[in-house]
Amino acid sequence: MKRAGRTMVERTSKFLLIVAASVCFMLILYQYVGPGLSLGAPSGRPYAEEPDLFPTPDPHYVKKYYFPVRELERELAFDMKGEDVIVFLHIQKTGGTTFGRHLVQNVRLEVPCDCRPGQKKCTCYRPNRRETWLFSRFSTGWSCGLHADWTELTNCVPGVLGRRESAPNRTPRKFYYITLLRDPVSRYLSEWRHVQRGATWKTSLHMCDGRTPTPEELPSCYEGTDWSGCTLQEFMDCPYNLANNRQVRMLADLSLVGCYNMSFIPENKRAQILLESAKKNLKDMAFFGLTEFQRKTQYLFERTFNLKFIRPFMQYNSTRAGGVEVDNDTIRRIEELNDLDMQLYDYAKDLFQQRYQYKRQLERMEQRIKNREERLLHRSNEALPKEETEEQGRLPTEDYMSHIIEKW
């Protein structure tokens, strides 16, 4: 009887070794085959009452760019009680306001952000001390300037927090940059409508290499206080319009091209350097989401930082840009004006989809392995002789324990 039990344990051990080897093989295989493999669904996640909350991975997705597995995993050991800080780079008209509110109002935290009525900023302290873990518009305000870009934030954030939260002999902070991107045509039209209603970002600093640009380096598209009432044609005709390729400019290291000095290097070379810099910085960010994929954005953020949202994200397709009727010629013109953004978005969308595919499929594979182990354990328990099962499950009673003590 005992021999039969040992045989069953040996079989179980061999099976688990085979399963472990299979997992390693599948991870190696993914590197070459890509995310087309269908590997299964997540387990133990929130929103169990909504099994279809996150879209099923597309088994027919064809990737455009090659990314090694290390670029797809993106699971960080974010330590809110340590020195880690999330820095949100908010690009205009990408849905950043909604996402920023999610960060301060919708994350399940040990110590929730303190958001009081009538106040524009929330207090987001760490659970163990009065220091912020989030650098964003709705937590620290525009501390590095209105809609500060990558160049500004990376040079400004450490100093700002160092002055606000100085402490002797402290461990250096670790910054995790995040952002949202949007389809360039939709984003451009949304910005035009925003400007048409009288909005401006003229208080933005555009700080680069320790100074702001001169009026000659960054001319204005309009005279007066704002550009309200401008037509789409007027908006497109301004050669200095910062709406053109805004996403690339705000994600690139502008120091590489002489900041806003257009005569620093030839225009074609400048454009290529900016695009490659934006791609690199985006890829190296801790996380980025896409406005067009709210649920996938939520999913990737949660898995990257191991933080859960209280309420699921909603996908709103009826935006102001969506209500603008433009002909095909105008769309092509907008695409030309935003050619760098179009290339960046194509790159970002593919990386985003590959990360989503990878994480979802990995979770499904882990769930399959877990289910197999549970079935194997159940079968092994059923296979044990009845007497042995009863003997293993018998609990010592008080009389039985007294008998043992007396005998001893």
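Backbone N, Cα and C define each Cβ position, glycine as well.
Here's what Swiss-Prot has on this protein:
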type	residues	note
ACT_SITE	HIS147	active site, proton acceptor
BINDING	90-98, ARG182, SER190, 314-316, 320-321	3'-phosphoadenylyl sulfate binding site
BINDING	LYS120, LYS121, ARG137, TRP142, HIS147, HIS194, TRP201	substrate binding site
CARBOHYD	ASN261	N-linked glycosylation site
CARBOHYD	ASN317	N-linked glycosylation site
CARBOHYD	ASN328	N-linked glycosylation site
REGION	376-396	region 'Disordered'
TOPO_DOM	8-14	topological domain 'Cytoplasmic'
TOPO_DOM	36-408	topological domain 'Lumenal'
TRANSMEM	15-35	transmembrane segment
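What Swiss-Prot annotates, mapped onto the structure for a quick look.
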| residue | record | contacts (Cβ under 8 Å, 6+ apart) |
| --- | --- | --- |
| HIS90 | 3'-phosphoadenylyl sulfate binding site | GLY96, THR97, GLY100, SER136, ARG137, HIS147, THR179, LEU180 |
| GLN92 | 3'-phosphoadenylyl sulfate binding site | HIS147, ARG187, GLU191, HIS194, TRP201, ARG246 |
| THR94 | 3'-phosphoadenylyl sulfate binding site | THR179, LEU180, LEU181, ARG182, ARG187, GLN247, THR291 |
| LYS121 | substrate binding site | PHE138, SER139, THR140, GLY141 |
| ASN261 | N-linked glycosylation site | GLU217 |
| GLN315 | 3'-phosphoadenylyl sulfate binding site | PHE293, GLN294, ARG295 |
| ASN328 | N-linked glycosylation site | none |
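Cβ neighbour count for TRP142 (substrate binding site) (all protein chains, 10 Å cutoff from its Cβ): 15. Its Cβ taken as reference, SER190 (3'-phosphoadenylyl sulfate binding site) is surrounded by 23 other Cβ atoms within 10 Å in the chains shown. A 10 Å cutoff on Cβ-Cβ distances gives HIS147 (active site, proton acceptor) a total of 20 other Cβ atoms nearby, all chains included. Straight-line distance linking the Cα atoms of TRP142 (substrate binding site) and THR98 (3'-phosphoadenylyl sulfate binding site), rounded to a whole number, equals 16 Å. One residue stands out among the binding-site residues LYS120, ARG137, HIS194 for having the most other Cβ atoms within 10 Å of its Cβ: ARG137.
THR98 (3'-phosphoadenylyl sulfate binding site) sits 14 Å from LYS120 (substrate binding site), taking the C-alpha atoms as the reference points. Residue annotation for substrate gives LYS120, LYS121, ARG137, TRP142, HIS147, HIS194, TRP201. The furthest Cα pair among them is separated by 23 Å. In this structure, the CA atom of LYS120 (substrate binding site) is 23 Å away from the CA atom of SER190 (3'-phosphoadenylyl sulfate binding site).
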